[in-house]
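Feature annotation from TrEMBL assigns transmembrane segment to 36-56. Feature annotation from TrEMBL assigns domain 'Multidrug resistance protein MdtA-like barrel-sandwich hybrid' to 90-242. Sequence annotations record features per position, and here TrEMBL assigns coiled coil to 123-150. The domain 'Multidrug resistance protein MdtA-like alpha-helical hairpin' annotation in TrEMBL covers 136-210. The annotation domain 'CusB-like beta-barrel' is assigned in TrEMBL to 255-328. Annotation comment: TrEMBL describes 348-386 as region 'Disordered'.
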Amino acid sequence: MNISNKPDPAGKAGTTPDLAAILAQAGGTKKRSRRLVWPLALLLVLGGGYGAYSYFSGSGPRYEYTTEALKNSDLNVIVTATGSVQPTDQVDVSSELSGTVRQVNVTYNSAVKAGDVLLELDTNKQEADVQSARAQLASAKANVLKADAELSSAKVSLDRLTNLVNSRISSQQDLDSARYAYESAAATKSVNEASVLSAEASLRLAEVNLSKLKVVSPIDGVVLTRDVDPGATVASSLNAPVLFTIAGDLKRMELQVSVDEADVGQVREGLDATFSVDAYPNQKFPAKIESVRFASETVNNVVTYKAILTVDNADLLLRPGMTATSDITVKSRNNTLLVPNAALRYSPPMQQSARGGNPLTRLFSPPRPPRGGSRQADAGAQRDGSRVVWVLRDGAPVRARIMTGATDGRFTSVKSGELKEGDLVITDATARNG
């Protein structure tokens, strides 16, 4: 049996897509897409052109300027150093002898004169030593008298025997014995005289030791510390304990400060200074530099040099050991034109510079952030040593060149240039849109 499959005309018309119809439909879609692209491109071109016009025509952020008026004033360049107030003279007093403290005559803050007795030790042993030395001296002197008498007797015997020998009454041997006795008596006298000198020295030493049992003040001043009480035992040694600390006249003191090695080149003798202490925070005390020591001091790898300042303390407000902070005036300028250091650091925003160059480059390059007066570098420094500041005139910044002098960290003196008192120098700028 033969079976044949024939295409169904009805199925051809109802189920199989017409290729020509599909192609015709696709062609219509492309034509509609082309009609939509050209209007969109036109809108983009118009929008970009307007944006470019707005950008290049100068519209953008505006700036509000912070200014400060220049004025003539005094400028003081200050070096700050810390230290402490100390007496001009200070002495530690100890005892040269050991003994028991019998009496203490002073206490803290006692005013003393040179030679005043501060402390007395027990004197029994030293008084006995003095009496013994005196007895030894008396004995030595008696021995000298005895030796002198013996010497006189020997001299008489020698003279008599000499005459007898000359008269051939006595022998030469008797004369030699008499001469030996005389010379021996003379030597004994010399020994006894030396013993007198030794006894006198021993007596003086005993008397000195007795006097040292009274510890006296070596200077006029005030007792700062007292580290002994009656009944205590004092032991003398190579490192004798300090019994009293006495400061000289407290009406004239000194301030010892440590000057950093970076500042010591500016500090010299005769400079004026002021200082304050914690006890009187609202009061400034005057001082003057007396000396700057050459020897360095290193603490935690920081090198400093000691400066000594004289201080008048007639009111006795200052006390030894007070911590002080001093301001040393190393330079002074009177009635000079001052410019704030913030104006020296300021440079205008780079708005106009950012718009220079090729237009296409400006259009497609990302915008640069503006650089204002907050920059910390010395924006106005020039190769010839001059500085540039910006002055606000008629609402616009104007460049001005100046030569500067001393600075105190906040203001700088103007030696010459294109500025005058009353000019408004720009210290900062703030962008304001619109």
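Think of each number as a place in line: the chain as shown, counted from 1.
Cβ from N, Cα, C; glycine included.
Listed as Cβ neighbours of the coiled coil (123-150) (distance under 8 Å, sequence separation of 6 or more from its ends, same chain) are residues 97, 99, 102, 185, 188-189, 191-193, 195-196, 198-200, 202-203, 205-207, 209-210, 213. Summarised by DSSP class, the composition of the domain 'CusB-like beta-barrel' (255-328) is 3 helix, 49 strand, 22 coil.
The predicted model assigns the coiled coil (123-150) a mean pLDDT of 89.
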